[in-house]
Amino acid sequence: MTQPIHILNGPNLNLLGTREPDVYGTLSLKEIEQACARHARDLGYEILFRQSNHEGELIDWLHDANVNACAVVFNPAAFTHTSVALHDAVRAIEPPVIEVHLSQTAAREAFRHHSYIALAARGSITGLGLQSYLLGINAAITSLGN
């Protein structure tokens, strides 16, 4: 059986649905997880969906994905703009990593315009709400063939 796609989520994403719905939408993280699971299953894949507010835990999960995932869809949230350590962890693993964001980070505050993760990821999908995740799953699967 194919290894699962790991979908990793960074800080404050546990507050989705109530935190700044004008920016992030009204879906909860649980609803995003359910939609991702259905979408991946329709494509013949399972997912492992996780969220942490702690940088080190996300790094550990990326290391784990190197052995236990076929691909990673990663929303590092605010760590996108600050974490060289997450950049290095993404570079250190073999499975393709697709960076995703619900909001269009390039259209927000200037400090959100730079992504350390994009420098290491296979690709990035931003600004499409839930579709960012679903397209991220598609891109991750497509990347497996390359």
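Backbone N, Cα and C atoms are what each Cβ position is placed from, and that goes for glycine too.
Record features (Swiss-Prot):
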type	residues	note
SITE	Arg19	site 'Transition state stabilizer'
ACT_SITE	Tyr24	active site, proton acceptor
BINDING	Asn75, His81, Asp88, Leu102, Ser103, Arg112	substrate binding site
ACT_SITE	His101	active site, proton donor
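A map of Swiss-Prot features onto the structure.
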| residue | record | contacts (Cβ under 8 Å, 6+ apart) |
| --- | --- | --- |
| Arg19 | site 'Transition state stabilizer' | Asn12 |
| Asn75 | substrate binding site | Ile7, Leu8, Asn9, Gly10, Leu13, Glu99, Val100, His101, Leu102, Ser132, Tyr133 |
| Asp88 | substrate binding site | Ala120 |
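The DSSP secondary structure for His81 (substrate binding site) is helix. In terms of local Cβ density within 10 Å, His101 ranks first among the recorded positions His81, His101, Leu102, Ser103. Following the DSSP three-state reduction, the secondary structure of Leu102 (substrate binding site) is coil.
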